[in-house]
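Database features (Swiss-Prot):
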type: SIGNAL; residues: 1-30; note: signal peptide
type: CARBOHYD; residues: Asn44; note: N-linked glycosylation site
type: CARBOHYD; residues: Asn52; note: N-linked glycosylation site
type: CARBOHYD; residues: Asn171; note: N-linked glycosylation site
type: CARBOHYD; residues: Asn175; note: N-linked glycosylation site
type: DOMAIN; residues: 175-473; note: domain 'Peptidase S8'
type: TOPO_DOM; residues: 182-1000; note: topological domain 'Lumenal'
type: ACT_SITE; residues: Asp212; note: active site, charge relay system
type: CARBOHYD; residues: Asn230; note: N-linked glycosylation site
type: ACT_SITE; residues: His243; note: active site, charge relay system
type: CARBOHYD; residues: Asn300; note: N-linked glycosylation site
type: ACT_SITE; residues: Ser409; note: active site, charge relay system
type: CARBOHYD; residues: Asn513; note: N-linked glycosylation site
type: CARBOHYD; residues: Asn579; note: N-linked glycosylation site
type: CARBOHYD; residues: Asn902; note: N-linked glycosylation site
type: CARBOHYD; residues: Asn954; note: N-linked glycosylation site
type: TRANSMEM; residues: 1001-1021; note: transmembrane segment
type: TOPO_DOM; residues: 1022-1038; note: topological domain 'Cytoplasmic'
Amino acid sequence: MKVLGEASSYPYRSCIIVVFLSVSLFWLRPSTYHPQQQNLNPENVTRLESENETKTNYIIRFKQYKPAKDHRIYLESKVRSGGWGWIERINPATKYPTDFGVLWIEESGKEAVVGEIERLEMVKDVNVEFKYQRVLLGGSFPDGKKRPGKIFTSMSFEEGTESSPMADTSNTTLNWSRHLLAQKTQVTSMFGADHLWKKGYTGAKVKMAIFDTGIRADHPHFRKIKERTNWTNEDTLNDNLGHGTFVAGVIAGRNPECLGFASDTEIYAFRVFTDAQVSYTSWFLDAFNYAIATDMDVLNLSIGGPDYLDLPFVEKVWEITASNIIMVSAIGNDGPLYGTLNNPADQSDVIGVGGIDNDDHIASFSSRGMSTWELPHGYGRVKPDVVAYGRDIMGSKISTGCKSLSGTSVASPVVAGIVCLLVSVIPEARRKDLLNPASMKQALVEGAAKLSGPNMYEQGAGRVDLLESYEILKSYHPRASIFPSILDYNDCPYSWPFCRQPLYAGAMPIIFNTTILNGMGVIGYIESPPTWHPANEEGNLLSIHFKYPDVIWPWTGYLALHMQIKEEGAQFTGEIEGNVTVKVYSPPASGESGPRRSTCSLQLKLKVIPTPPRAKRILWDQFHSIKYPPGYIPRDSLDVRNDILDWHGDHLHTNFHIMYNMLRDAGYYIETLGSPLTCFDAQQYGTLLMVDLEDDYFPEEIEKLRDDVINTGLGLVVFAEWYNVDTMVKMRFFDDNTRSWWTPVTGGANIPALNNLLASFGIAFGDKILNGDFSIDGEQSRYASGTNIVRFPAGGFLHTFPLLDSSESGATQNLLLTEASKEDPAVLGLLEIGEGRVGVYGDSNCLDSSHMVTNCYWLLKKMLDFSSSNIKDPVLFSKFAKRYSPVIIDEKQLPSRRTDVNFSTYSSVIGKELICESDSRFEVWGTKGYNLHVRGRNRRLPGYHGIDLGRGLNFTVESKRPTRWRSAKEGGELSSSRSKSLGGLFNRDEIDMPFLVPTRWIVLAGVVASGVLVLLSIWRIRQKRGRRRRASGSNRLA
């Protein structure tokens, strides 16, 4: 019996060991924090997390300028909450009144403190203080990790160095011997500056503010360094990097080997960047205020970045120009990509400068337009304003001697030097009456030489012509004008993209967005609605709706033309010419009795054709695209490591411009819809093209699209992108600009939303991230971080390819690999349903010119031929690809929305009104759309919670407690309530985990299941032994 007792206790000991191992495996799992994935240096992790949990700096903007101590006393007397303090700023601006203060606020009570401050009568707003890091935008994300600081463009760079942006994407071919010769040519002589020098104009008595890295007081290249100020936290006025010195040399250097344009210009060096190229918003705001107080004439800022929603910075730039300071800024070094304009150069009141090489070609590094502020309902403005030489420009070294640098941050001081020279042309007594940001821009753009080849969104008005601008200023009288002043459909390629597609009746409005330059005053008004004056009878076929601001301030405004051909012009072929005039007036200047008035004119030369057949018309969905700013929208291709943001606009005329040209070459006509899908008439279009979309859909849109396809015969082509919760979790990082965690709002595309849209067609995408090369009928293509098709109806054609799935870790693959998962994933599907046809593909990188490896324009054309004209390519519609049974997946296995992020902040759908905006046909403006001509109502879809839209526009605020939870597979993290129910073992932030959440639970479940099996075995053994004892006892009794 003793031996039996020892043996029987063994299973119990085994059970205890199994349970112990189960708990240990979970508790000793890989750390949930991984510095590399959080994009922070290990030594900084603890400090940054600690700072994030304790104190955050906020900028408090006031409605009035007062001494800083008065603002501090006001806050201390009004704010009753604790946990905050005033931060003293010791700098040269201290002696002047200010309109802002900087506070530290403890994280634990920030909501109460910020709310109380925002309700104060004298407070304008409250914003998190930003930190700026001046680095190449493409280099802001080494190995896919964000560097500390706000994303900004690079300083200038030396050719051939690693810092040369886009070195492998240059679109310029240079003759090397000529290149070396040109390198020795003075940039001043290339613009003819010596002609003005001979007339005695050298920039005298012009106050030039250089916002950069400082300058040395005893530098021999400069005649008049009037003042040096330091706005950083470093105790030095000197330039230890060399960039500020170089910029000053281009503007005002006097060394014969690297002459500046205006050697007698008075230099005011504002050191706003540290030696590590770091700056803070408050430093800029103080320095800007000081520039205003000390009455600067010109200001050069050779920086820029994509965030045009940093309101304290943007609005302070407006205040700078409103104070009659002419600001010049670099347009950015993110070329040759389109849609990459940098702020503040993209503001209409700033002179934005692009770069050209010595052969008058647009430099490969120079950012291209259009501006993207206006999307999706409007259209971008023309930027840059002008271009200037920016490759191998000679300038001053840090202490003595000369060197050459390249970049738009070099082209910017070239123009700033020209501006200083032009300012000195006007007698000092008349300068403030004649010169201002608008009149100087008028002189530059009207005098510029248009280059042959580049379009208006690459070169603006063209190359700066110093002597022509000089002639304009000599006879200048205050007036208003429009830029560009002409839209000519015969002037291709300058008028691209307009000249690529004629107008026709029934199309969505063509929007042309112009800038009003008001040289008459800082404030102006439109006297009466703009007027269209056709040059001939045919001009009456054109219908124009105008949009313009109530007030033109500071110095600039906009005039947007929304143009349609009337229905009676459906068969017209020819040209329409005429002028649009707009009358502008400003208050009288000092000594004048009446307002200043001016009539601006915009010349139109438009081509019109008969309305194309339905099969040749494509509608592009712009409305459901979300970009940065304001949301953290991750890159589409995860292989691209130097750019983590999707910020190029995703527009036909930005990063999809090559695709647009291809479709036009193929005979298709493409129109843009910036409103919901209820706002177009499906009978007019062969195909709705939906590419790389991140937003959700109104229920009315889903219902209408189903009817449009099945009953109206609309074709539908969808190019999706990756969506994987675990990958999005890993892309989360702590941003020391905003002292907050950034997490992707969605994946490369919003797959859960697309699946809702496609559900009525029996189609759904999955959450795999697929990569690899494949070919169809000899056409090679690269699948770059695309998704898979997991649901597809019978009767359609579905194509699979052997692609690598990078969405699973090695551990997950080992555990979950089954026979079914070894099948090649489906990525391309074609389907006839009802009267319409649908084509879906899981990757859009092959259409996006920003980070394309190989294009798939050939595939897009085949899909459009099918969806619009029912032309079936024999390879795509091979019998081997036909599905005789549906591909089915359980609803619970489909990718689900993330409920731990405030998606409504960035969405045009969630919590918003369904309404057709001014980009849609005139007849449905302000309605819910076709057959729904009533005002829309706010809609909130299930699974989303509302938030305060007044703050947090530049980052994603994560919910501490997700509102609901479905499964680890669907959402990727546990609810906090569930965590607490397990004895506090799971109280860490699960969203930080680098190890896949489903994997961990499967491992744990496997171990626990093993333990349960052991217990069952023990129970069965005991049952058998019990029966044996009873049987033995019965036998003895017998």
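Each residue, glycine too, has its Cβ placed from N, Cα and C.
Feature map: annotations from Swiss-Prot on the structure.
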{"residue": "Asp212", "record": "active site, charge relay system", "Cβ within 10 Å": "27"}
{"residue": "Asn230", "record": "N-linked glycosylation site", "Cβ within 10 Å": "20"}
{"residue": "His243", "record": "active site, charge relay system", "Cβ within 10 Å": "23"}
{"residue": "Asn300", "record": "N-linked glycosylation site", "Cβ within 10 Å": "30"}
{"residue": "Ser409", "record": "active site, charge relay system", "Cβ within 10 Å": "31"}
{"residue": "Asn513", "record": "N-linked glycosylation site", "Cβ within 10 Å": "19"}
{"residue": "Asn579", "record": "N-linked glycosylation site", "Cβ within 10 Å": "16"}
{"residue": "Asn902", "record": "N-linked glycosylation site", "Cβ within 10 Å": "22"}
Problem set entry | Segment-level pLDDT (mean, integer) for the topological domain 'Cytoplasmic' (1022-1038) | 54
Problem set entry | Inter-residue C-alpha distance, His243 (active site, charge relay system) and Asn300 (N-linked glycosylation site) (nearest angstrom) | 13
Seminar exercise, completed: As a whole number of Å, the Cα atom of Asn230 (N-linked glycosylation site) is distant from the Cα atom of Asn902 (N-linked glycosylation site) by 40
Exercise. What Cα-Cα separation, expressed in whole Å, is found between Asn300 (N-linked glycosylation site) and Asn579 (N-linked glycosylation site)?
Worked result: 36
Seminar exercise, completed: For Asn579 (N-linked glycosylation site) and Asn513 (N-linked glycosylation site), the CA-to-CA distance in whole Å is 15
For this session: Select the closest residue to Asn513 (N-linked glycosylation site) from the following recorded positions, measuring between CA atoms: Asp212, Ser409, Asn902.
Result: Ser409
Seminar exercise, completed: Asn300 (N-linked glycosylation site) falls, by DSSP collapsed to helix, strand or coil, into strand
For this session: To the nearest whole angstrom, state the Cα distance for the pair Asn902 (N-linked glycosylation site) and Ser409 (active site, charge relay system).
Result: 37
Exercise. Taking the Cα atoms as reference points, how far is Ser409 (active site, charge relay system) from Asp212 (active site, charge relay system) in Å?
Worked result: 11
